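Chemist: Below are the C-alpha cells for one structure; questions will follow.
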Amino acid sequence: MLPAVFVILALSAVQGLEETLMDTKWTTSELAWVAYPDSGWEEVSGYDEASNPIRTYQVCNVRDSNQNNWLRTQFIPRQDVQRVYVELKFTVRDCNSLPNLRGSCKETFNFFYYESDSDSASADSPFWMENPYIKVDTIAPDESFSRRDSGRVNTKIRSFGPISRAGFYLAFQDLGACVSLISVRVFFKKCPRTTAGFASFPETITGAEPTSLVIAPGTCVPNALEVSVPLKLYCNGDGDWMVPVGACTCAAGFEPAGKDTQCQACKRGTYKSKQGEGSCMPCPANSRAISSAATICSCQNGYYRADGESAETACTSVPSAPRQVISNVNETSVVLEWAEPGHLGGRDDVLYNVICKKCLERLCSRCDDNVQFWPRQLGVTQRLVSVSHLQAHTKYSFEIQAVNGVSGKSPHIPNYFTVNITTNQAAPSSVPMVQSHGSLANSLTLSWAPPESPNGIILDYEIKYYAKGHIGAGNTVTSQRTTVRMEGMTPDTVYVVQVRARTVAGYGAYSEPREFQTIAEDGDRSSLQEQVPMVVGSVTAGLIFIIAVVIIVIVCFSRKQRNDSESEYTEKLQQYMVPGMKLYIDPFTYEDPNEAVRDFAKEIDISCVKIEEVIGAGEFGEVCRGKLKQAGRREQFVAIKTLKAGYTEQQRRDFLGEASIMGQFDHPNIIRLEGVVTRSRPVMILTEFMENGALDSFLRMNDGQFTVIQLVGILRGIASGMKYLSEMNYVHRDLAARNILVNSNLVCKVSDFGLSRFLENSRSDPTYTSALGGKIPIRWTAPEAISYRKFTSASDVWSYGIVMWEVMSYGERPYWDMSNQDVINAIEQDYRLPPPMDCPSALHQLMLDCWLRDRNLRPKFSQIVSSLDKLIRNAASLKVTSPGQAGVSQQLLDRTVPDYTTFPTVSDWLEAIKMGQYQENFLSAGFTSFHLVAQMTAEDLLRIGVTLAGHQKKLLNSVQDMRLQMSQTLPVQV
C-alpha cells in the first residue's frame, strides 16, 4: 500500500473549487430586489474599482431615528448544497464625518437568510423580522470612509448551513447606517476530481459544517487493483482532500506511469508477475514475452520451470546423459560408477535413475523385484549404485538416467548412458534352517531345504558337526540329498550342526548353527511302548507347567507384586502374551546388564571400526563419525558414541542401556543400532550415520526452503516412528526436534532414548513415574508430566505437538524467550502457541488437539498418522492459513513485536529479530538508519544479498512492523 503521507502530499497540490450560485457583479440590468419600506434601500448604478458598470444598493437614513430598513434578494436554488458561502463587498460612511446628526447613526448592518421550498416570498411575507429570518451575523466594516476619502471597499465572507430546502433568500437589515452594498456573491465549495495513488475520486461538495468530512468513494484507475478496502478520501469544509483510506497498485502485467496516475502495460520482452508498485522486469534467462502486459515469461523451446518455481525463476533444461560409466562385476552383483553429465541444464538438483534389464538372446525385459539396489534405484544423489541378487551367467543392460527438477516437464525420456554386463558363476546361498527327524543314542537324522539361490546345479551338501563346547574337534560328512543320518555319536550329548551347499563355483555359506541332542543310552534300548507313557506324561506335565506359569504371570501383572527376579522373566514373556505384537523389554530389569546387551545388541569387533573425526560431545563421552567394515558387507559410515575414561559401573550400565533399548526397535523412522563394542576400550555404541544432523538446526539452516507438503512429510515420518514406539508400549519422554535426526534423503528418525522407560501394560492408560529430581524439558513436556512426573504415550503426543510447531516455524525456540516458570503459568491458564507464519489451519488445529489439557482426549499416534496422510492426499487443504484465532477455543500466546526505538543501531535490531548474519550486507549497502530500512523492498533485500525466501519474508514482515510503529509515533502532515 502507498504510505498515507505520500498520498496526502500528492493531493496537497490540488486546490479546492468554488462554484457560484449568484453574483451581482456581472449583472447589468436591474436586480429588482424587494426593499421594505420603500424609503429605505434603493438600487443605483455605479462602477467598480475597474470602472465596470455595476448595480448596487445603498441606504443612508442616518438623520432619522428608529430605522429598520430591509432588503431581500431573489430566490436562489440550493442545488444539493448543504452549506452556502456569501461574499459581501460594501462601504460604510464614518458617522463622525456626518455633521449635525440628530438621529442614531450606525456603522453596521445585519445579514439574514430564509429557506423555502419555492419562490413564494412577497412584499409582506415573510414578516420583516428575525425569526422567520435567520440571522447569520452582524456585519461591521474593517474601514469606513469620510467625505474627504473615496469609498473604501470592505469584503466579508460568511457562511451558513446546514440548509435542506429547495432554495433560500438573503436579507440585509439596516438600523441607521450609511451603507452601500456593492456586490453579493453566493457560492459553495467542493473538492475537485483528482487522481492519486492509482485511484480516481469524483468531484465532491463539502459538508454541512466547516469541520465536516465528506466521504468520497474511489475507484482504481484502469489496470489497477485495490490493495485494501474500502477505498476512499475525505473532503473537508475548505474543499481540500485529506485522510486517504486504502490504495490501489498496478495489476500484474502493468507498471506505474504518469506520476502514479495510470498503469501502463509491460512491453514485449518484459513482465510483472505480481500486483504492486514494482516496475516491469526483463524476462529471466531462456524465457520470452511475445505480447504486452505479460505476467510471466514463457520458457523457450526445450526449457522448463519446475512445479513451485516462481515467474522470476530462469527457465532450465534437462541434463545430458551421465558420462564415463564404469562397471565392476563380482559374481552376481555389479557396482556402477559414473561421472556427472557435461550439461546440467542450469540446475543443481540432478538425480540419477538406474534401469535394470535382463537380456535373453536379443530380447530384454525389466528385472524382477528380487534384484536389490543400494542405496536405491531411483532418485540417487551420489554417482555410485551397487546392484545385487542378479542371476548367474546372465546378460544385463543398465540404463543410467540423469534427471532434474524439470525432467518431468519434458515430453522426452531422460538422457541416459547404457552399459551391458554379464554376471559370473556364483556360489549358492546359505541353506535354510536345519531340522531334526529323529534322535537315538548314537545317531541323528536331519533334513533341510535347498538354498533359495542355488546359482547353478547343487553337487552335494557338507554337514559340519561337533559336540557343544568342543568346536575344535568337529567332523564333516557329505550328502547328495537334503537329508542325512549321522552315526557314531555319543549318547546324551548336545551337538552343534551347520550345513552348506556346493556347486562348481564352490561352497556357499554355512547355515545358522543349530543344536540337537542324542538320547541317553538306556532310552535307546527302551521299547516304543515303554517310551509312549513317558512322552505323554512329559508333554502333559509340560503343558500344566506352562499354563501355571502363564497364570502366575497374569496374576503378578494385575497385582503389581513382581520382584526384581520375576520382572526379568515376565517381561520377556510379554513377547508371547500379545499375538503378533512384540513388546518392549526394559533392560534395567535385568540383574546383569551385560545379558541385556547380549540379547538386544550385536557385538562388533574393534578391528572393523575406524574413527575419523569428533563431531560432538554427549552425556557419557564424545560422539564421532567413523566407518564400519564388516566381512561380506559394504563399508558404511556410522555414528559412534564413546564412554569416557574413568566411568563408574552405573555409568557403564546407563550407557549400554540405551543400546539395549535401540536394539529392540526395527522401523525406518527409528535410529538403527549397528552394534556395540564392549570387549575393548573405549566402550562404543554404533548407529547409522545421519548426514544432516539434528532436525532443529537443519531447519534453521534451510529456513523457508521447503514446501508445506515436504514439511508435512517430515512430520508424518516422525509420527510413524512414534506410532511404532507407542504400539510397543514405550514412552520416549524427551521427544523434541533436537532429538530427531535427518539423513541425506530427508528421512527423519527418532533418537536419544536416554530418558525413556518401559510402559506397563496392566491397564488401559499405562504410566511411568520418574524418580524425584529428574530433569524435565519443560517446553516440550505435558502439564501432567511436569506436575506429577507421570509420563504416558499421551504426554509424548503433547511433545509431538511442540515438534510440529518447531518444524512449521523452521526450528524456532518454543515459547521464544519466556522463562520456564512463565511457560508453566501460561499453559496452566490454557494459553497455547499461535500458528507459525504461513502454517496451514489444519496443522495448527492438530497441534491444539495434541495440547488438550485432558490427556484422554488427545489423539493417538495412529490417528495422527492417519490425519497427516489425509492432508498429504488432499493438498488443497494445506493452502488454507488462519492468521487469527477464529474457531480456536484456546487462547493463543502473542509474541510482542520488538519496538525498533529500543535499539540504538540497525545491527542491534537485526540481532533482535535473529537476522544478525546480514549486518554487513545492510551496512555495506548504506542501510544504516531506521528511516532507510523502513523504505526497503523485496528488490532491495535481493540486491544486498538476502536470497533465502524465508529470510526475505521475515525481514519484510519486520520492516512492515517498523513502518507501523513509525506511523503510530510520528505526526502525519496533512
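Placement of Cβ uses the backbone N, Cα and C atoms for every residue, glycine included.
Got these off Swiss-Prot a minute ago, pasting:
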SIGNAL    1-16  signal peptide
TOPO_DOM  17-534  topological domain 'Extracellular'
DOMAIN    18-196  domain 'Eph LBD'
DOMAIN    318-426  domain 'Fibronectin type-III 1'
CARBOHYD  ASN330  N-linked glycosylation site
CARBOHYD  ASN420  N-linked glycosylation site
DOMAIN    427-522  domain 'Fibronectin type-III 2'
ACT_SITE  ASP734  active site, proton acceptor
DOMAIN    901-965  domain 'SAM'
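Help me see these features in their spatial surroundings.
Modeler: Looking only at the domain 'Eph LBD' (18-196), the predicted model's pLDDT averages out at 90.
Around ASN330 (N-linked glycosylation site), the same-chain residues at least 6 positions away in sequence with a Cβ under 8 Å from its Cβ are ASN424.
Under 8 Å, Cβ to Cβ, and six or more positions away along its own chain, ASN420 (N-linked glycosylation site) finds CYS359, LYS395, TYR396, SER397, PHE398.
When secondary structure is read from DSSP and collapsed to three states, ASP734 (active site, proton acceptor) falls in the coil class.
Secondary structure counts, DSSP: the domain 'SAM' (901-965) has 45 helix, 0 strand, 20 coil.
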Chemist: What are the helix, strand and coil residue counts for the domain 'Fibronectin type-III 2' (427-522) according to DSSP?
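Modeler: For that range the per-state counts are 5 helix, 42 strand, 49 coil.
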Chemist: At a 10 Å cut-off from the C-beta of ASP734 (active site, proton acceptor), count the other C-beta atoms across all protein chains.
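Modeler: The answer is 21 other Cβ atoms.
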